[in-house]
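Listed in TrEMBL for this protein:
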- 5-38: repeat 'TPR' (REPEAT)
- 80-113: repeat 'TPR' (REPEAT)
- 140-173: repeat 'TPR' (REPEAT)
- 208-241: repeat 'TPR' (REPEAT)
- 269-308: domain 'STI1' (DOMAIN)
Amino acid sequence: MSEAAVAEKDLGNTAYKQKNFESAHSHYDRAIELDPTNITFYNNKAAVFLEEKKYEDCVKFCEKAIEVGRETRADYKLIAKAMSRAGNAFQKQGDLKTALQWFQKSLSEYRDPELVKKVKEQEKQIKEAERLAYINPDIAQEEKNKGNDYFKKGDYPTAMKHYNEAVKRDPENAILYSNRAACLTKLMEFQRALEDCDTCIKKDPKFIKGYIRKGACLAAMHEWSKAQRAYEDALNVDPNNEEARDGVRTCLRSNDEDPEKAKERSLADPEVQEILRDPGMRMILEQMSNDPGAVREHLKNPEIFQKLMKLRDAGVIQMR
């Protein structure tokens, strides 16, 4: 390595740190003239271009650095640095996919732990950007209508394909989860149907069909007590809803299970057991038994609310 070239590189580094980029370029160019086989000089010029936001020039010198590095069998870490810097240039331009490709190339040369984290974050960003770009409520409505047509014809698998696409196109639309839940119930995919009902209710607690379809799904599973509670939740939204009233009546007629046996069966549920073992929940339940009005305060906490609802559905506690 030429001592004169190294001296020019050092002067370039000093100028770079002082953000005197014109002078830095001049010294790095001189270093390259003196020793055109040193990958570091090209890497350093690329770093200056990156700071100057001259991204095309940055990538150009990164590529030159890689070429020189390959020819001279340079340290793989230096080659990896050039690839990573090219990725940074594309990232700065908003071209996340090309940036990711460069980062992955860099990791194939040297697995830098910090870059590994960066790549994982980049992959998440790309995935989320693709998801958001895919959202289109108009197409979602078209897919929902197609799903409804096939549902009416009794072609539930084809209806499902369209409902799935509708949900992807408009994932915040509660109605779409309700429609898909109805289809899943017909396909006897009860657990998935319940998940869609719960998602529907979470996204729009006032959308009554979410509760009614949850009740229908649970009734199909002969979970009469839980189905009854779902219909009762519907009546809390609309006390005059006939479908919900009919659902409650059907559950009352059909539920011939002894209440104590039902409670015993529910207590065997591992999730219920875990809630009851939680010291914090035991304290809350004791407080509620001494002061029924305390429940209102606890319902404000989403996590506690979900646990209390689970205990209510299991018949462990009663709530109105």
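Yeah, the Cβs are placed from backbone N, Cα and C, and that goes for glycine too.
The average pLDDT for the repeat 'TPR' (5-38) in the predicted structure is 96. Within its own chain, the repeat 'TPR' (140-173) has Cβ neighbours under 8 Å at 134, 179-180, 182-184, 186-187, 203, counting only residues six or more beyond its boundaries. For the domain 'STI1' (269-308), the DSSP counts in helix, strand and coil order read 34 helix, 0 strand, 6 coil. When the repeat 'TPR' (80-113) is classified with DSSP, helix, strand and coil residues number 28 helix, 0 strand, 6 coil.
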